[in-house]
Amino acid sequence: MHEHAARNASSDSTTPTLGHILFGLYLWEWFISLGFEWDFIIGKKRLRWPMFFYFVNRYLLLGHFISSMILWNSKGQEHPINCNVVYAFMRFFGKGALAFASINLALRTIAVWERNKYVTTGLALIMLGEFSIIFLDVRDVLKSSRWSVQGHVCVNGSKNDWLRIVFLISMSFDLLVLGLNVYKIGIKTAAFTRYCRERRRERSILRLTYLVLSQGIVYFFVAFCVNAAAFIVVTLPGLRNTNASRTYALPAYVLSTIVACRAVRALTKSGSHFENLPVLSNDPAFDISIGVGSNPGPTRASFLPSIGGKLSTEDLENKQIEVTEPSARETRSDYLKELKVVPRIPLESDDKHHSPKRAQDFV
């Protein structure tokens, strides 16, 4: 036990170097994205419940680095600190940030699957299992951490078994949601393309699907690779039960949080986050949830606005209007082109060089 703690204390000397670099990287990412949070504070964006996981994810990782700084700077001090509390906060904040990053990606998966009860229940159960492992890890840390009077440093005698399990769950979870998104978005993309080709829709109707496909899949893939690399590192024989393995787990915390939060910001700004993709709810050629042989009613497309935001000019131009049957006049822009334009009656103040005309001349 004491030999294991001494090895942890000696290997902990490599922690601050990489830790400070990653802390600086995350602080830079945190500062450049504060404008997104400011929009919620001033009311420019409407705050909804899914954003709770976004903010918790960001500030859990920030709390992890703050508690880590306290631990790193306490080395060599004469006055002891409460090592149990510091280590417990470090473990909970770090692994909690990793779990909430997975939750942010899972919410996007649930939205893409249109809140399918089987997908939602399965992902929720996996996340509950991961949080259970995190609390078990915190419990072990509270029992095994102490202040070393000889080395004037906090030592931790716990093993990294829970750390490996957490990374294994996160890696498997990210791979699962990656597969679910690739499968569902692939079907939707094919449906969108086929419908646009048949109905001659404007190319802008593919904007939301293209955004999720081009940005979302990349985020899921990066998160999976980061957790897979961290799992491989913490399972190496030479790093299995040392603080060095926890040090090399820091990049997984940081990169997973950055990837998940950037995914949230990208799709929230585009107006498609935590909402269903625009589908024609009554058109079997467009909505894959309708079975063959159904009797569709009026055709209507729903372009959902962003969270708390207003529809932009582009959204208004591309917003579909409800019609009783498909026709060439399906988009707002086509509808406006067919309207009869009535010229404005010029006033005398418009042009002093021309004589005023009567209203009857313009009817």
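Glycine is treated like the rest: Cβ placed from N, Cα and C.
Listed in TrEMBL for this protein:
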- 20-40: transmembrane segment (TRANSMEM)
- 52-73: transmembrane segment (TRANSMEM)
- 85-106: transmembrane segment (TRANSMEM)
- 118-136: transmembrane segment (TRANSMEM)
- 165-187: transmembrane segment (TRANSMEM)
- 208-236: transmembrane segment (TRANSMEM)
So if I exclude everything within five residues of the ends of the transmembrane segment (85-106), which remaining residues of that chain have a CB under 8 angstroms from its CBs? That is, six or more out. 53-54, 56-57, 60-61, 63-64, 67-68, 70-71, 74, 123, 127, 130-131, 134, 137-138, 141-142, 145, 154, 156, 163, 166-167, 170, 173-174, 177, 219-220, 223, 227, 249-250, 252-253, 256-257, 259-261, 263-264
Out of 20-40, 52-73, 165-187, which stretch has the largest tally of CB pairs under 8 angstroms to the transmembrane segment (118-136)? 165-187
Give the nonlocal contacts of the transmembrane segment (165-187) in its own chain as ranges (CB under 8 Å, at least six residues past its ends). 95, 98-99, 102, 105-106, 108-109, 112-113, 119, 123, 126-127, 129-130, 133-134, 137, 209, 212-213, 216-217, 220-221, 223-224, 227-228, 230-231, 234, 249, 252, 256, 288
